[in-house]
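Annotation source TrEMBL lists active site, for GATase activity at C86, H218, E220. Per TrEMBL, the feature active site maps to D264, D426. Annotation comment: TrEMBL describes C86 as L-glutamine binding site. According to TrEMBL, the feature substrate binding site maps to G353, N494. As annotated by TrEMBL, domain 'Glutamine amidotransferase' applies to 6-223.
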Amino acid sequence: MSTVYIIDVESGNLRSLTNSIKHLGNYKVVYIRNHDEFEMYNEDIELLIFPGVGNFGHFVKNLDERGLMEPIKNYLATGRKLLGICVGLQCLMKSSEESRGVSGLGLLNIELSKFNKGDEQFSLKGQSKSVPHIGWSHNHRYSSPQVMATMNEPLYSIGTEDKFYFVHSYAAIIDSKVKADLLSEAEKDGWKFVFSKYGSEEFISAMSKDNFFATQFHPEKSGIAGLRVIQAFLEEKVPHTSCTNKSFVPHSGYPSRRIIACLDVRSNDDGDLVVTKGDQYDVREKSDTQSGDVRNLGKPVELATKYFEDGADEITFLNITSFRDSPLQDLPMLEVLKLAAQNIFVPLTVGGGIKDMIDPVTGEIVPALKVAELYFKSGADKVSLGSEAVTIAEEYYRNGKIKSGKSAIEQISTCFGNQAVVISVDPRRKFIKSPKDTNMQCIQIFDEEKYGPDGEEYCYYQVTSQGGRKVHEIGALELCVACEELGAGEILLNSIDHDGGNKGFNLELLKQVKESVSIPVIASSGAGAPRHFADVFEMDCGIDAALGAGMFHRGEYKVSDVKDYLRSRGMDVRFETTKV
Ligand code: 1PR
C-alpha cells in the first residue's frame with residue numbers, strides 16, 4: 001500500500017482530498033502538520049500533496065510558523081513528487097497582490113494579481129464580472145506550440161473537454177506583470193503550463209516541471225475529471241485517452257452555468273434526519289388526510305449522492321432548525337457531511353447555525369469561527385450564514401459602516417478565504433406607497449396587476465432571519481452590499497414569496513441584488529421546471545448559478561433534465577458521464 005502525505009495547516013477541507021485518494025485505490029493518508037512531523041517522515045515521502053485555501057498571506061504565515069517552508073523547499077530540490085493545489089500553487093510564486101510584503105516559495109518570479117471586475121468582455125454584455133471566480137471552467141491551451149509539439153499526452157490527464165472547479169480571486173494572470181517572455185524563459189528551463197480563461201483574462205491553471213505538478217483548480221472537487229488528474233499524479237499514468245494535447249481549443253472565458261441541488265434538512269417528529277421542503281418555509285403536510293407531520297422527501301446523504309451522480313455542480317445542505325441549540329460535537333449536519341464527502345466530489349456547502357453559540361452541555365461560548373472549522377473538517381467547502389449575517393449587517397450600519405474585524409464573516413473569510421463564506425438571504429416582498437416611506441432602495445412596479453393590495457407601486461425586499469420567523473428593518477440589497485464589504489464570497493438569494501411555488505425564480509429581486517454586488521449570486525426559490533433556470537440565466541445580469549430543491553426531491557425533474565434543456569438553448573453546462 002502506498003502512502004500519500006498531505007501538508008495540513010488546518011485551513012480547509014482535507015476530508016474531500018483524503019476521500020478522493022482513498023476512492024482511487026488502496027492508499028494510506030498521513031497528515032504533516034509541522035516541521036518535526038515533516039522531518040520524522042521525510043525519508044519515506046514519495047508522494048506529497050500541498051493543498052492550500054484562503055488568503056495567500058495567512059497561508060504562508062501559517063506555513064512559516066509551523067516551520068514548513070524550508071522542508072518543502074528542500075523536498076522539491078530532491079526531485080520527489082509533489083502536487084500543489086490552489087493556494088498550494090500560488091504560494092510557489094514570488095508574491096501576491098493579496099498580501100503585500102509576504103514572500104512565497106519563489107519557484108517562479110511571478111506576482112499573483114486579482115481578477116478585474118471591470119472586464120470588458122463582461123461589460124459588453126452589460127454585466128459585471130463576479131470576483132471570486134467560482135465555477136467550472138475549461139483549460140484551453142498549453143503554453144506554446146513548441147511545448148505542445150513535445151507532448152504526446154495531456155499533462156496529468158488535463159484535456160480540453162473536461163471542466164474543472166475553480167474558486168479564487170487571485171491568479172497568475174498573463175498581463176503586463178506576467179509577461180509571455182517570462183513564461184518562455186521558464187519553459188526553456190523545463191516548465192510546462194496549462195492556461196484557462198476567466199472573461200478576457202488568461203491565467204496559469206496548472207504547471208509542471210519534472211516531478212512537480214500544481215493546479216489552480218481543485219481536482220478533488222472536480223468530479224470524475226478531477227479524480228482522473230489525481231490518479232494521474234498518484235499512478236504516473238494517463239488513463240484518459242480521448243483527449244490529446246492537440247485537442248486544446250480556445251474557449252469563451254465564461255464558466256459553465258452551475259446547477260445546485262439544495263437539501264433542507266431537519267429532524268422529523270420521530271427524530272430522524274430527513275430532507276424536507278414546503279412552500280414559503282412551511283414544511284408540514286397540509287392536506288386533510290395528512291397529520292401535519294414534517295414532510296419527508298428522503299434521506300440527506302442518499303439524495304445528495306443521487307444528485308451528484310446525476311450531474312449537480314454543487315450540493316447545499318441547510319439545517320433549517322438550527323435556531324435550536326445543539327451540543328457542539330453533536331451538530332446533526334457533521335455526520336451528514338462526513339458521509340456525503342465520501343462519495344461526492346463536487347463542492348459541498350453547509351448552512352444553518354453558523355454563529356457564536358452556547359454549548360448547552362458545557363455552557364461554553366463557542367465562536368462562529370470554531371463552528372465553521374468543524375464543518376470544514378467534516379467535508380464542507382463553504383459555510384452559509386443566514387441569521388448571523390443579518391445581525392452582522394445591522395451592526396455594520398449602526399457603526400457607520402466601520403468594520404470591527406470581529407464579525408463571523410470577517411473572521412471566517414480571513415482564515416478560510418472569502419470563497420468559503422456564503423450568505424443565505426431570506427427576504428420577503430414589502431409593498432410601499434412611495435420611496436420616501438423607506439431608507440431602503442426600492443423597486444418601482446410598472447405592471448398594474450402586480451401592484452400591492454392597496455395599490456402600492458413600489459416595493460423592497462425585507463430581510464427575515466430564523467427561517468422567516470423574525471422580520472428586520474433592512475433590505476436584501478443593503479444586507480448583501482454590507483456582507484460583500486465584510487468579506488463574503490457568494491450570496492444564496494432565496495425569496496420567501498417564491499419558495500416552493502414552482503413558478504420560477506424571483507427575477508426582479510435577483511436583478512436588483514446582482515447589479516449591486518460583484519460577488520456571485522445564486523438564484524434560489526421557485527424553480528419548478530428546466531425553463532425557469534434558462535429564464536434566470538438569459539436575464540443577462542450576470543447570474544451564473546441557480547438552485548433547485550422541491551422539483552428534484554419530488555422526482556419531477558432530474559438535474560440532467562435541466563442541463564439538457566439549457567444545452568438545447570445554447571448554454572454552456574458541465575456534463576460528466578464516464579467513470580474514473
Ligand atoms: O439562519 O444561519 O441558522 O440558517 C438557516 C438556513 O435555513 C437559512 O439558509 C434559511 O434559508 C434556511 N431555512 C430556515 N427555515 C427554512 C424553512 O424552509 N422552513 N429553508 C429554511 C429555506 C430555502 C432554500 C430552498 C429554496 C428552493 N429554504 O433552501 O431550498 O427556496 O426551494 P424550491 O426550489 O423548492 O422553491 P441560519
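Heads up, the Cβ atoms here are built off N, Cα and C, so glycines get one too.
Features per TrEMBL, on structure.
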residue: C86; record: active site, for GATase activity; contacts (Cβ under 8 Å, 6+ apart): P51, G52, V53, V167, H168, T215, Q216, F217, H218
residue: E220; record: active site, for GATase activity; contacts (Cβ under 8 Å, 6+ apart): S16, L17, N19, S20, P51, I85, G226, I230, F345
residue: D264; record: active site; contacts (Cβ under 8 Å, 6+ apart): V275, T276, K277, V283, L318, I320, A549
residue: D426; record: active site; contacts (Cβ under 8 Å, 6+ apart): Y281, G386, V463, T464, S465, G467, G468, N494, I496
Cβ packing number for N494 (substrate binding site), 10 Å threshold:
29
Secondary structure at D264 (active site), reduced by DSSP to three states:
strand
Taking ligand 1 as the reference, state which of the active-site residues C86, H218, E220 have a Cβ closer than 6 Å to one of its atoms.
none
What DSSP gives for N494 (substrate binding site), in three states, is coil
Please classify the secondary structure at C86 (active site, for GATase activity) using three-state DSSP.
strand
G353 (substrate binding site), number of other Cβ atoms within 10 Å
26
In the three-state DSSP scheme, H218 (active site, for GATase activity) belongs to coil
